[in-house]
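Novice: Below are the features I grabbed from TrEMBL:
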ACT_SITE  TYR150  active site
ACT_SITE  ASP191  active site, proton donor/acceptor
BINDING   ASN13, GLU43, ASP191, ASN193, ASP322, HIS323  Mg(2+) binding site
COMPBIAS  401-410  compositional bias 'Basic residues'
COMPBIAS  442-457  compositional bias 'Polar residues'
COMPBIAS  461-476  compositional bias 'Basic and acidic residues'
DOMAIN    498-547  domain 'GRF-type'
SITE      ASN193  site 'Transition state stabilizer'
SITE      ASP262  site 'Important for catalytic activity'
SITE      HIS323  site 'Interaction with DNA substrate'
Amino acid sequence: MEGGKVLKIVTYNVNGLRQRISQFSSLLKLLDSFDADIICFQETKLRREELTSDVVMADGYESFFSCTRTRDKGRTGYSGVATFCRCKSAFSSTEVALPIAAEEGFSGLVDRSRLVEGLKEFDKDELIKLDSEGRCIITDHGHFVLFNIYGPRAECDDTERIRFKFNFYITLQKRWENLLDQGRRVFVVGDFNIAPSAMDRCEASADFEKNEFRMWFRSLLLQSGGRFSDVFRDKHSNREDAYTCWPSSTGAEQFNYGSRIDHILCAGSCIHEVVEDQQGQAHNFISCHVQECDILTEYKRWKPGNTARWKGGLDIKLVGSDHAPVYATLLDIPDIYQHSTPSLSSRYLPMIRGLQQTLVSVLTKRESSTQSQSCNIYSSSSDGKARVVEGCSQDEENEKKSRKEKKSRKGLGVQLSLRSFFQTSSKLVNVSGSSSTDVDLDQNQSSETPSNNQHGSPNPDELKLSARTHDREDGKSSNALLEWQRIQQHMQNSIPLCKGHKEPCVARIVKKSGPTFGHRFYVCARGEGPSSNPEANCGYFKWASSKSRQK
């Protein structure tokens, strides 16, 4: 074990990978911000055809994606996971971070028709359905197999999704147990959409831990006779208020009113391959190889110092995901045998390989264009004499002329717009016998400066007519403004004050399907927080109209 290395794993529900890339200005900067060897993203919200180089390729990283394949309503362009592995070479490496094998999904049916061992008792069509939402990427790193998962979310009254979620986890568990029975070590990281215990949820109800998914989660753990360790809880057994996700629409981050649903689990023997040392101390993976596991709260959207909504901070846009990343640092991880990146790597995607070919063709065209620019092109001038155009082709010369003409026309359009204020009077002058039929603009003369030209000066009668017209238009504008101000005042007066703070509420709309779908209601404007905190949301609720009240 001498010479073992440090390995850092990060899991992060990004709530849209493109949004996080935009937040950090590039994929490379996003990845480098973690300073990690293996970075697992969930909820990438990318379809396979959207896997372009700017979201999958970064210098020094290999990536592996799983995207949703279902066409079910509301599920397209949803979900998705990606694992990025930092490595020095993608083609000949002994680094643990670079996987020796990779697999999309967990059934073996996504990219091939061979069902993996241990899942033959399950219905094949059901397995295909479970794997169709892009919720799992598996990478084999020699010393361990890493599952990057995005667990399904299921409302308490949605029996179909509850069944889907239950089947998803039971099937995954079979796959994990099969690998453990083969003597492999297993890491499972990601957004489980499960808070294991009351300690992991703000103000959990009395029957919180009786939920079937929480009971299943706890059954996996060593404390309950299972085979996995909840790495964060093993390192911080009594830490409270340690949350990784906060509701995005309630301002809950300010009061840390959230839940811990992003996890790192591990199972399997210690790499030392001994049961206990000479002092009789037991060896296990957590005590020997896990240095730390914690939540990267600096990635939270709400930052200290942000003005609260009810104190005038309505315009503050919270940047980032509604989740915080979780990391684990592993110690004494030795190198593995020399290998290359698996074929599932994004560098081998047809659209990425095609892009590389396109770049070559672009460079070829650019070289050809450079050569043509270096030639002297002869063209005929207006006087019939030949002239030499240095450094550009005939097409480029024509293009330059075209751009100049467009620019000239654009400038003329702007000038005409300035004189359009006097368009009515100019027409009247022309009708009364002026010999000028076109508007002649002097570029050196401001349109606001009176001209000595009699054709450009309106007579007093025309000015009176124009003034009356403007008065009517101004009157209409004033009436419209007054009406809008009246409506705004009425709306302001109709907004109720919350009972807890006597502050104006905010209006919201019911988005969940049901008898009240689309109806408006008012709630306290403050962020959601513990009921013991008087600064937090007071829980006030009122329907916007009596028609919206639930029966």
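Glycine residues also receive a Cβ, built from the backbone N, Cα and C atoms like all the rest.
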Novice: Could you tell me which of these recorded positions, GLU43, ASP191, ASP262, ASP322, has the greatest number of Cβ atoms within 10 Å of its own Cβ?
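Specialist: Output for this query is ASP191.
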Novice: Measure from the CA atom of TYR150 (active site) to the CA atom of HIS323 (Mg(2+) binding site) and give the result in Å, rounded to a whole number.
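Specialist: Rounded to the nearest whole number, the Cα-Cα distance is 13 Å.
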Novice: How long is the line from the C-alpha of ASN193 (Mg(2+) binding site) to the C-alpha of TYR150 (active site), rounded to the nearest angstrom?
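Specialist: With distance taken Cα to Cα, TYR150 (active site) is 8 Å from ASN193 (Mg(2+) binding site).
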Novice: Given ASP191 (active site, proton donor/acceptor) and ASP262 (site 'Important for catalytic activity'), what distance in Å do their CA atoms have, once rounded to a whole number?
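Specialist: With the alpha carbons as reference points, the distance is 4 Å.
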Novice: At 10 angstroms around each C-beta, which of the binding-site residues ASN13, ASN193 has the fewest other C-beta atoms nearby?
Specialist: ASN193
Novice: Please give me the CB contact count at 10 A for HIS323 (Mg(2+) binding site), counting all chains in the structure.
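Specialist: The answer is 26.
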Novice: Which residues, in sequence order, are found in the same chain with Cβ within 8 Å of the centroid defined by the Cβ atoms of ASN13, GLU43, ASP191, ASN193, ASP322, HIS323 at the Mg(2+) site, excluding those residues themselves?
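Specialist: So the additional residues around the site are ASN15, GLN42, TYR150, CYS245, ILE261, ASP262, SER321.
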Novice: Write out the long-range same-chain contacts of TYR150 (active site), meaning residues 6 or more apart in sequence whose Cβ is under 8 Å from its Cβ.
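Specialist: Result: ASN13, GLN42, GLU43, SER79, GLY80, VAL81, GLY134, ARG135, CYS136, GLY190, ASP191.
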Novice: Rounded to an integer, what is the Cα-Cα distance in Å between ASP322 (Mg(2+) binding site) and ASP262 (site 'Important for catalytic activity')?
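Specialist: If we compare the Cα positions of ASP322 (Mg(2+) binding site) and ASP262 (site 'Important for catalytic activity'), the gap is 12 Å.
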Novice: Note the mean pLDDT of the domain 'GRF-type' (498-547), expressed as a whole number.
Specialist: 86
Novice: As a quick check of your reading of DSSP, tell me how many residues in the domain 'GRF-type' (498-547) are helical, how many are strand and how many are coil.
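Specialist: DSSP classes over the domain 'GRF-type' (498-547) add up to 2 helix, 12 strand, 36 coil.
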